[in-house]
Amino acid sequence: MYKHALKGGIRTAKQAWKLKNELGKLNLELAKANSDFEQHLCEAARITQSCAPPANNRPLLLLKTQGDNSKSSSHNSSSTAACSIVANHYRTAVNPRSVLDKTVKPVFRAESCHLNALIPSKQFVKVQKQFYRDFSSVSLGSSLKNSDAPLLGDLCSQYRAILAHTSADVVPGEDRHRAQCNYQQKRRSHQHNHSREEQLEQEKMAQKAQFERLPTNVVPRHYELLLQPDLEEFTFTGKTVVQVQVKEPTSQITLNALDITIDSVELDYECTKLKPEKIVYSVENETATLEFGKEIPNDTAGVLRMSFTGELNDKMKGFYRSKYFGPNGEERYAGVTQFEATDARRCFPCWDEPAIKATFDITLVVPKDRVALSNMPVMKEDALPDGLRRVRFDRTPIMSTYLVAVVVGEYDYVEGKSDDGVIVRVFTPVGKREQGTFALEVATKVLPYYKDYFNIAYPLPKMDLIAISDFSAGAMENWGLVTYRETFVLVDPKNTSLMRKQSIALTVGHEIAHQWFGNLVTMEWWTHLWLNEGYASFVEFLCVHHLFPEYDIWTQFVTDMYTRALELDSLKNSHPIEVPVGHPSEIDEIFDEISYNKGASVIRMLHDYIGEDDFRKGMNLYLTRHQYGNTCTEDLWTALQEASSKKVADVMSSWTQHKGFPVVSVEQEQQGPKKRVLRLKQCKFTADGSEAEEDCLWTVPISVSTSKNPTGIAKTFLLDKPSMEVVLENVEENDWIKINPGTVGYYRTRYSSDMLEQLMPAVARMELPPLDRLGLIDDMFAMVQAGHASTADVLALVDAYRNETNYTVWTAITNSLTNLHILISHTDLMDHFHRFGRNLYEPVAQRLGWEPRDGENHLDTLLRSLVLTRLVSFRSDEVIDSARARFRSHVTGTNPLPADLRTTCYKAVLQDGDEKVFEEMLNLYRNTDLHEEQDRISRALGCCSDVKLLRRVIDFAMSGEVRAQDSVFVIVAVAINPKGRDMAWEFFKENNKQLLERYQGGFLLSRLIKYLIENFATEERAREVEEFFKANHIPGCERTVSQAVETIRLNAAWLKRDKLALSAFLEQN
Ligand SMILES: [Zn+2]
């Protein structure tokens, strides 16, 4: 997947519900609210308890639809139909925790009875029906606009009695036992006065320990899969015929299924036809176990037939619906799949683990006027009655389930062919065919590039790229059918900025790299996800550098990937690249900047360490050796080690297994006229400058350059001890030394003051190459944050960058000053800081001007918008006036703004704009259908200064006018504006339930939370935030909250330490 892997969906809603439920059950007030009703249940329980069958013999049955709960006799049926379960309802009911919900109530005793036998009460049935109605409206994809739908958590509190009883019905024996053990444990911990948090933690731990991968006694070889979506009713039906191999005698088959209803099952082998006696679902493990009641012998080849139905959900995962507009503006829907990491199981019952590979014959039944796509080309099409058509696709190679894809909708496309004969198509919204041209050009060139690079041909006959209107991640590498967010693939020549075009090239390069690295060779388990993502995030730069050398993309790697990774990885709450993960909710959490950015950064370091030729040889060895198979991190090291004869595994293990990275401190001593001795020390770098808790040692490949040859390498060596001495020959007294030339090593450098003094003039003269100027300033700001240097001193050094010309170096300076800007927003120094900023940025702005020059280089175009936007926020009157004038002629149509400068001008008018300006911007938003332009306008809205208008921006973000996938970014724009900071946080506190319901936990919400809170700078705020999230737990955001709270405390310490000196410096400069 592409970074911005925005996760969200029902799974986290389930957790939300569960946790909410746990908290709710301790809430006696809520209990009181239901007490009358429960009293009634208790009565019923006492009367009927003696007739209850033992819990673990009860069949699995839940009322499939409202009102059929009178059929209590069916609970003994073993027919498959009786096993059928509406998975969504089941999910609510089965949770063992909801059994616990009743632990403080006498009604708990009643749970060993079957619901219908137990409570024939009309009142119960009535409430239960109401519950199912309400539950459908919260969980079954009610429109996002329908924000008054009840929250899952509230609903579950309200219907505690119903949940407890239905769960008793369906909890399988073992889970039930566990639930009771948990109950006992909980009772005990109550007695020991443990805190509620500790209990939750204990249960979470217990839950983690329970996760198991699928059994390997039965494995699939080949799936036939038929899917028929109903694009009006938002449901789908499906059939699958799986050729399975029974490897050990067994009477049951366990596979993954979630939120789908398995309607029928039949297993055929050696003239035997078996139907399961029951299907046992585990919502916790997202599995279904087919229990056949008869042993299937080993070494049996069988055919497993299943039919199923599901909802075409609106959660952007599994098989979901994506909204678009028809020619007359009417709402229409496409059916789209997004399976990574573990959501194929929401579409069809399958062995949904990356290592359980199989081949697939996919068939779609769709309305005859819709485009139907899948991984492989169409093999055959037939017309069916009722305006339908059946599309059969060719057989796929052996592959993992998370890479299976289908799309059904209305699209136009452009087509091309790569040099080596692969058909490439880019599908766009209807009428926007030409917007696919750029991606087509990139993709057709990228395929042969990788073919040469890996020395392995692309294994499929076609490659489709498609723009999807509702898409949570940036892009997804489904084999042969890559899906993209519209802004990550469509280029409108008049309205697309250069920056966007560049990221589209990178995204296309990333996804196509996965076709080999990820699809052909796949990680054995999600613990090794970083291999896929780190590698693709590295190689996308390699390929864009090859296709567009003018982008100078490698220098941008450092600001886009490397420094962002260092920033996050210096926190105590970071994590190692390689994380043992089990349950899907843990897997979702690791699609983060550590897997992508740090992963790519350490691979870049390794690439540099072993050299391009050996790296390539090693890659070929790895991909050839493991093609169509699965690997662990060590397999890659082995191949690269064989190719390079260097100790790859030894060097790399410290980088993948420890969290964080070292800071290398260097001191020097000149010995004689031509000899310099360097003394190096490594220790773990911590953002707050404290001593590291753990004792870590890295094997650091170090290189050094000197003023004799600034672009060459004077010496390389491995620092694998806490400290060492190195001698450099041919270095004279006045020569400077630069550690980590090219900013390739994943570490920070701390120079002695004499070494730094020698380096700074080389910066001012631009003798040091751009990446070294960049690395130096970034390291210096990190030292400031950690309290190893003073802000005022580093700002004085920034002066050496006044003549800087390189875009990427300016990006690094800007990033550091933006952090400082946030700190200063908590003081009264803002006007002084603005003056400092204007002085720093004005010379480069004057050099560039507003108008692009003919044949101007790519980076200058990017630099212009960067610098002018900064000057807008530093309140440069000249720039603001000019921007306003340009905006006027843009709006009137006399002189449209180039896309690269629109953000600058939008911000200039909005910054001090009134309601009229605000409305004008909204009109612009409403008059464009280009997603990119909508993004640009809606994110600029956050820079208004008027808090009332900022509040309107938030309302706008939450209105149906902004797609759910985008509204988080609009609120973030408000939150990072110091004027909107407190209001946005208040908004969040008041509306956190609504937001949780909207985003169902997950990545989008984590991102919002990060920006809402990390810019505070007082201990009081840190505590407030901590307490808020303790009381309002948001599943999947735990790590983000701890990271952000850590950042608040860093800000507070930084301000306390440096405020006086900073104020003295800014007042003088
Ligand atoms: Zn990826």
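Think of each number as a place in line: the chain as shown, counted from 1.
Here the Cβ of each residue, glycine as well, is placed from N, Cα and C on the backbone.
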Binding-site annotation, TrEMBL, Zn(2+): partner of His510, His514 in Glu524, Glu533: Glu533
When distances run from the Cα of Tyr596 (site 'Transition state stabilizer') to each of the recorded positions His510, Glu511, His514, Glu533, the nearest one: Glu533
Residue, out of the binding-site residues His510, His514, whose Cβ gathers the largest set of other Cβ atoms within 10 Å: His510
Listed recorded positions with Cβ under 6 Å from ligand 1, out of Glu511, Glu533, Tyr596: Glu533
Residues close to Zn(2+) site centre defined by His510, His514, Glu533, Cβ within 8 Å: Met1, Tyr2, Glu477, Glu511, Ala513, Phe517, Gly518, Asn532, Tyr535, Ala536, Ser537, Glu540
Spatial neighbours of Glu511 (active site, proton acceptor) that are distant in sequence (at least 6 apart) but have CB under 8 A: Tyr2, Leu465, Ala475, Met476, Glu477, Val482, Tyr484, Ala536
Tyr596 (site 'Transition state stabilizer') CB neighbourhood, other CB atoms within 10 A: 28
Protein Cβ atoms within 10 Å of Glu533 (Zn(2+) binding site), excluding its own: 28
In three-state DSSP terms, the structure that Glu533 (Zn(2+) binding site) belongs to: helix
Local backbone state of Glu511 (active site, proton acceptor), from DSSP in three classes: helix
